[in-house]
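So the structure is just underneath, and the comments pick up after that.
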């Protein structure tokens, strides 16, 4: 915000009585909503019904706490996790909302320079001499822009993000549905083997309760806690400082990205523009060859009758530099430097106190360059502009009209009158493809009335204004071409410019394609000027030509694709000619390309490209951007990454992950994304294995004892099995990793292997199901075979073997040991041994101290685990994984 202004907040003041009522009802309503949101999930609601069923005597299978304690633990962990995220959001909001503003009255405030607008406001007064406050709306949708006016809206600091459900969670949800089906089938089979005798419907319900462990109640809470760990590790990674995880529900998405779409300016570059080249057709000037401008331009006695006269090269250079110094929306602002105060600096046009403000860094670069060659912008307001020449003369110009830059027009213009000569000139600058066909001299006094009338129109104002502007943009004289270089981010190779020809160089220099690789340029040309020659392989205008173009594209192998926004110009039914008639074929061919570069894309086109990839391929996409114009693309993608740059924080706030530099994206994907996906896959399948093991043992026990619906383990045994006895070792799998981070960064092929979804698939799920059935059956039949006449011995032998088997299976699954994994294993074993003293109700304490107990447990555990260790060794020996050679 420019210097201090007085603002009025037109909002209706809050009522104290409603505030007090809200304070009373807020916490209560929040608690009710949190509980309601937890039971929106089917399986939480399912376990709630199971717990409530224990209040019915005919359905009770044991103590009430055996069902209510696990459910309460799961809900408590989930609610605490959500509370932590809410507290973090509250702290961020409080930090912003605690900014101090000077208030004149209850509804009038002072807003100083560089302060955010705190509310919807109408500006009444400003300390700016031109009475035009400037709003830097870099956090609003669209590229960084500034606006002058009296009605301002605050920047949206924290967009509302709906909780996302990632692909991994959907896959796990699908597996739990399969387990639910297995639960129903097993219960029906048990009742069928009883020949549906007696109250068979009640027996079905009892078996559903008895085998409810088939669906692990702790699965979701383990995965949620794992996501918290992944987010914490990402934030604490010293190699990607400043990374923020705004959506902790989808870290596994980072490990399965098939298509990465990125913005260029400000994302791959620093958005720091430096003027490099001035081209006048027959000659080009660089930074070290502008001696001609340092001299005074030839004096003019009166207004020029026509611009179509032969000029000397010197006069052409002066006119070009003058056009660059005038055609912009830059405003010089003077600040105190400790020696000269602001008023004196503004009066004397002090160079050391002058700062340029503009909506775009390339405009500032152009004005700074004209200053370096002697033509300095020293003052500007809404109606006038002052330039200082190399001879310290001040040129006063009146601004008659400004046509601002828009994404649709891709150009901006200004009409000025030189007060010394009375000459009226219309300057315009824009993209070369747009400027190619613009020219005609018009009398400004005649067109001004049409333009003002169009701006006052109530209906179709934008169309009428555009029509008047286009009538001016005809047969204009081409003065020069400018080249502005965007400073590269560290460790990123990239060329500036986003036109079609530059896109080819961009693809090569960004190493998207090799130097010798063929590049196919696809562009739909609507109109082409003779002033600029563009090389186009084939101009598609109808369905037949589109078919020929696709055939030509199909014959090229290993070919990169460069496509312009003209070809992607879309409406709901029209995706360009090829996309209109052959959308599926075109996307199929484009997805086979090693790289695709899209240039001249509007913000809506970016989002439509992402949507098109998702619909046609069904694979995960990741969009990376830095400005408000990238928000639609980021939110449309499966995983959005925002780069905190100079275009505000709207992109980073709207994204799932925020990074400070583009080079951090590689580590975010190939290290943290890969580890998160593999760890969650191992964790989810092991939690399922843990539940299926005890369910298999229950099934064997019931079938041996005449299909009785009697629980094998009761009370604290069933609770301790999935909590203190096995929870820590199983959860320690979130620390496992197959390769070092340096190796994962060095070999991107390791990331590519995850795109097939092999860590969590129906195949791996079936393998773990078979392992669970084998181990559960081995443990149960072994205990039945070796028990000594008392039922309590079966419980002692089988449960101890089950705990040891789970601990050994965790050790078998781990690929890289972490010291916390060792602590978790030893701590769980110690907790079980110590608790045996207090479990005399379920286990014979004297029996577990005998040698007979020890050898029986050892044999059963050995038989259940040893074959799996042998199979693991043979697999690594004869069919090693892709990363095994890298870890040896």
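Here the Cβ of each residue, glycine as well, is placed from N, Cα and C on the backbone.
The following features are taken from TrEMBL:
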- 1-26: region 'Disordered' (REGION)
- 17-26: compositional bias 'Basic and acidic residues' (COMPBIAS)
- 39-56: transmembrane segment (TRANSMEM)
- 62-84: transmembrane segment (TRANSMEM)
- 174-194: transmembrane segment (TRANSMEM)
- 200-219: transmembrane segment (TRANSMEM)
- 653-880: domain 'P-type ATPase C-terminal' (DOMAIN)
- 687-707: transmembrane segment (TRANSMEM)
- 713-735: transmembrane segment (TRANSMEM)
- 765-785: transmembrane segment (TRANSMEM)
- 791-812: transmembrane segment (TRANSMEM)
- 819-839: transmembrane segment (TRANSMEM)
- 845-871: transmembrane segment (TRANSMEM)
- Query: Cβ under 8 Å to the transmembrane segment (39-56), counting only same-chain residues 6 or more beyond its ends: which ones?
  - Reply: 62, 64, 67-68, 70-71, 74-75, 176, 180, 205, 208-209, 212, 215, 217, 220
- Task: Find the average pLDDT over the domain 'P-type ATPase C-terminal' (653-880) in the predicted model and report it.
- Result: 88
- Query: Looking at the transmembrane segment (791-812) and the transmembrane segment (200-219), are there 3+ C-beta pairs under 8 A, with each pair at least 6 apart in sequence?
  - Reply: no
- Query: Does the transmembrane segment (765-785) come near the transmembrane segment (200-219), with 3+ Cβ pairs under 8 Å (pairs 6 or more apart)?
  - Reply: no
- Do at least three CB pairs under 8 A connect the transmembrane segment (174-194) and the transmembrane segment (713-735), leaving out pairs fewer than 6 apart in sequence? no
- Message: At a C-beta cut-off of under 8 Å, are there same-chain residues at least 6 beyond the transmembrane segment (174-194) that contact it? List them, or none.
- Response: 43, 46, 200, 203-204, 207-208, 210-212, 214-215, 219, 684, 688, 699, 702-703, 707, 709, 765
